[in-house]
Amino acid sequence: MVDDAGTAESQRGKQTPADSLEQLRMLPLPPPQIRIRPWWFPVQELRDPLVFYLEAWLADELFGPDRAMIPEMEWTSQALMTVDIVDSGNLVEITVFGRPSVQNRVKSMLLCLASFHREHRARAEKMKHLEKNLKAHASDPHSPQDPVA
């Protein structure tokens, strides 16, 4: 037989998710990430950025987790980019710095990739819906089974 003191003592060692969240809130915020202009990027091209918006889920597809692909994209395109979350996480603001021709090329490339990912997601959802319907049809005992030739 277990007494109440023993159970209370064993529960003290365990942390609930709420306790963990409180401990995280007590920690100081990390310092802001400071970006230094790369040596290959001219200062005068920081003056007139190109800004456009995409859905937040697309930013994860395009730039990878934690925006890890941005430095490589910047290097290959010779443009600087910032990706900031706006509109309570539904949209991201993409700012492209560089020569106007480079800005337009980067925007075009990102919009083409976004279109590809939208189509891919729509096809995946359509396939899931089709599979669900086929499983429901196959499990229905009243549906006539077509003989396979």
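For all residues, glycine too, the Cβ spot is worked out from N, Cα and C.
Keep in mind that what you see is a predicted model, and the values were worked out from it rather than measured.
Residues or ranges marked as compositional bias 'Polar residues' by Swiss-Prot: 8-18. Residues or ranges marked as domain 'KH' by Swiss-Prot: 49-110. Under the heading region 'Disordered', Swiss-Prot lists 1-23.
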For the domain 'KH' (49-110), the number of residues DSSP places in helix, strand and coil: 33 helix, 20 strand, 9 coil
Confidence summary (mean pLDDT) of the domain 'KH' (49-110): 93
